[in-house]
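This report refers to the structure that appears directly beneath it.
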Amino acid sequence: MAKESKLTAGVAAALTVVAACALCLLLPATARAQLRVGFYDTSCPNAEALVRQAVAAAFAKDAGIAAGLIRLHFHDCFVRGCDGSVLLTVNPGGGQTERDALPNNPSLRGFDVIDAAKTAVEQSCPRTVSCADIVAFAARDSISLTGSVSYQVPAGRRDGRVSNATETVDLPPPTSTAQSLTDLFKAKELSVEDMVVLSGAHTVGRSFCASFFKRVWNTSTNPATAIVDAGLSPSYAQLLRALCPSNTTQTTPITTAMDPGTPNVLDNNYYKLLPRGMGLFFSDNQLRVNPQMAALVSSFASNETLWKEKFAAAMVKMGRIQVQTGTCGEVRLNCGVVNPSLYSSSSAVELGSSAPAAVGEEGYAAS
């Protein structure tokens with residue numbers, strides 16, 4: 001009888017959590033409003049500094065990691081919202097996770113930096129700072145290191161407990177048209193201007209050949225024959241073909257800088273390259289052929305300060321997409337796995353406050 005009573009209580013608690021989260025998901029504006037700058041000022045005053053230190057240490061060894069962390073935040077937010085779901089290595093419901101899906105694997109990077117930051121934060125303030133917030137802080141710090149752009153990050157996100165590879169269809173592929181880009185961003189409550197502004201992140205980082213291969217090779221022939229996408233400069237296409245020969249496959253580990261001029265500097269060079277036919281992706285070229293987008297490209301190409309101001313604002317706006325706050329979600333103890341049920345069922349504990357002391361080291365499951 002006692003066993004049945006315990007089971008009933010457990011089911012009731014689980015249903016309460018599900019109901020609470022369902023209610024939060026129905027009230028996205030309310031959740032966004034709960035994010036605030038300085039969220040950890042009392043509960044973990046050094047949280048942002050610890051994340052900054054982890055990012056700076058990684059950047060000192062590899063400047064390219066900054067682009068990876070910026071992209072990590074984007075890919076997190078566009079699938080299920082900014083909830084750290086892209087970090088999960090195991091899907092509690094079974095099946096492949098976002099992290100393993102083709103848009104993310106093998107190109108997405110920065111997971112080790114997030115883990116290092118989480119370890120440092122947990123040592124200082126156990127069970128307090130979410131992985132989703134760490135991702136947002138790390139992206140901001142990466143932008144600061146590469147572009148001397150600083151902005152404050154509203155925090156208070158909770159970590160999600162679901163990660164499905166199939167949902168990565170929400171990520172805009174490099175083959176996107178102007179209309180599909182507009183639609184994908186609109187679905188996340190981001191405007192055409194936000195989309196053009198955020199596309200400027202392509203001024204840092206690298207890409208695998210597979211993302212642009214069909215712009216320079218005709219794959220309908222065997223062997224593939226050279227072509228030049230109308231949106232590409234012939235000389236740039238020739239350079240890309242030399243880098244990625246016709247026998248390149250989806251898994252060939254060859255990459256090229258998305259901005260060949262200043263690949264590790266967050267500047268407005270991306271917008272200057274587009275009119276010259278040097279946008280690496282088909283989707284990049286779409287920004288210069290669509291009149292509304294082309295006007296924005298021209299504006300940002302001539303005014304880097306304007307673009308950086310708008311980029312910072314757009315990053316903050318993106319960081320509010322479908323967030324979980326309050327008692328929804330959880331404060332994940334290990335960014336790669338969801339918490340044990342003992343801890344996660346304690347939904348009354350709000351992020352930023354002290355968690356129950358009942359959970360010990362078992363919360364740090366191996367990822």
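Using N, Cα and C of the backbone, Cβ positions are placed for all residues, glycine too.
The candidate list T203, T219, T325, T327 contains one residue that Swiss-Prot assigns to the Ca(2+) 2 site with D259, T262, D267, namely T203. As annotated in Swiss-Prot, C125 shares a disulfide bond with C44, one of the listed residues C44, C77, C82, C209.
The cysteine that Swiss-Prot pairs with C335 in a disulfide, picked from C82, C131, C209, C244, is C131. C131 (disulfide bond) carries a helical DSSP state (H, G or I). In this structure the alpha carbons, written CA, of C131 (disulfide bond) and D83 (Ca(2+) 1 binding site) are 8 Å apart. Excluding D76, V79, G81, D83, S85, which define the Ca(2+) 1 site, the same chain contributes C77, F78, R80, C82, G84, V86, E98, A132, G160, S163, Q322 within 8 Å (Cβ to the Cβ centroid), listed in sequence order.
For C209 (disulfide bond), the same-chain residues 6+ apart in sequence whose C-beta sits under 8 angstroms from its C-beta are L243, C244, T248, T252, I254, T255, T256. When the Cα atoms are compared, C77 (disulfide bond) and R71 (site 'Transition state stabilizer') turn out to be 10 Å apart.
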